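Data first, discussion second: the structure below is written as structure tokens.
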């Protein structure tokens, strides 16, 4: 056992006596009532994600803890949270008008809703696994939103890795040419890294190292497939109580092909400013590389170390000022690569700033961690390591193992031919339908044989949900509790072929961080869950995490008021720099 693994064990033993509140990270089931604890998120209003925060039930004790459980040690790693509790008796009708108990999924409650859809926590009755089901409403009202959904479900099908959120199933629509909504089933994650950072001021160096390792391992896989995520930030990294992380929200991701024009590749780039690489703050460099994601990883790592965003810029110019305040004035070589003349002139005329030693900026932090952080935050992208190179840094000695770091093959250009042409609504509908069939192999074979079936001979899951839960909606509207109507003589939905999943058990065993199952037991096909349904899906992205139960506006701190926003495109940014700082 390595030194860092031993230190985790000592930490666990030291905290053995600390008890965990009953309203922790777990889902507590008593009879028909389900009580779920939810985080208070920092709402990202400026990003316009469209989610309404649902406030139900009393506010929980802010000193309660989330239990990060190690089965080997039999102890808890306490992580503070400030949850709110949703009243389990109030099941929102918005979801159940379209969705309810079909043969496979037992819905427990609605856990999120917004302009783009509704999310429910459910149990897969075949496996006992807890899942999150997102119903995305009116997918094709806007072709741009539908294209983003198509891109994301395609990438999440092609990128299968333990550090990337997984789509488990997509329900077959009732009609090939007329469907409007889609139902996507995800593995259920409990929270996101933003909430973990915000709720904890006592994360250990082992946490920092473990989190960064998983993030870089995921990016190694993603970049090997020639994919750039383009929107990495703590809210787009899901987290579980066993300290496992998973990257989500691939709605802005792009596959890089050698013949992809830079102007086309970055036309719609609007990633969150605080985590945006300097070359994206003013169309700096003629060719973008995976180094844009590496910069974001560095910003996230710094936030893990300090508990605060590293570069919380109020606008693009302020963002550049914060970067140069820490990293110093860029070198002449770096400035020469800036293609926007006015942006280049602004930085060239900037007063000379010395580089701040990272030991001063981050006092008390492991020197090896700071050395790697400096590499990740190099101003010039050519000076940043690749994810694969970063994993060989001495900081990960005794932890990194290439056998646990699979890489993907580059994605075929044929998968993303749709990016090169203007799509009509019916085009996107057909492409999304084709992606859905990947989870219904029997129907896919018929489709590939040239079948032109417009509707299906057996009831689709969506049809059954509408029919079976009409009574539940009526009961909820009257303030009554209602149980889902049991299915009678409906055929089972087509099952997707189950592939092997990448395992990570050996790695967790080495770190003495045990795998915590998503359920304790299965009785009559329904699990008795241990975990809270915290991974909510926001906005037009189908996989991003969004917790509900927001703090009252007057209670938000100054940091929360500086919410990062989805910003201008690169060209607009250049013009803004020119106007403000000519």
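Each position is counted from 1, following the chain as shown.
Just so it is clear, glycine is given a Cβ too, placed from its N, Cα and C backbone atoms.
Just so it is clear, the model here is predicted, and its values are computed rather than measured.
Now, the feature entries from Swiss-Prot:
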- 22-61: region 'Disordered' (REGION)
- 33-45: compositional bias 'Basic and acidic residues' (COMPBIAS)
- 105-396: domain 'Protein kinase' (DOMAIN)
- 111, 112, 113, 114, 115, 116, 117, 118, 119, 134: ATP binding site (BINDING)
- 231: active site, proton acceptor (ACT_SITE)
- 267: phosphothreonine (MOD_RES)
- 269: phosphotyrosine (MOD_RES)
- 474-502: region 'Disordered' (REGION)
- 482-491: compositional bias 'Polar residues' (COMPBIAS)
- 493-502: compositional bias 'Basic and acidic residues' (COMPBIAS)
- 542-582: region 'Disordered' (REGION)
- 557-572: compositional bias 'Acidic residues' (COMPBIAS)
Can you tell me how far the Cα of residue 117 (ATP binding site) sits from the Cα of residue 231 (active site, proton acceptor), in Å?
22
Mean predicted confidence [pLDDT] for the domain 'Protein kinase' (105-396):
89
Any idea what DSSP makes of residue 113 (ATP binding site), helix, strand or coil?
strand
If you count Cβ atoms within 10 Å of the Cβ of the residue listed as 'active site, proton acceptor', leaving out that atom itself, what do you get?
23
How big is the Cα-to-Cα gap, in Å, between residue 115 (ATP binding site) and residue 231 (active site, proton acceptor)?
21
Residue 231 (active site, proton acceptor) to residue 111 (ATP binding site) - Cα separation in whole Å:
25
Go through 111, 113, the listed binding-site residues, and name the one with the sparsest Cβ surroundings, counting other Cβ atoms within 10 Å.
113
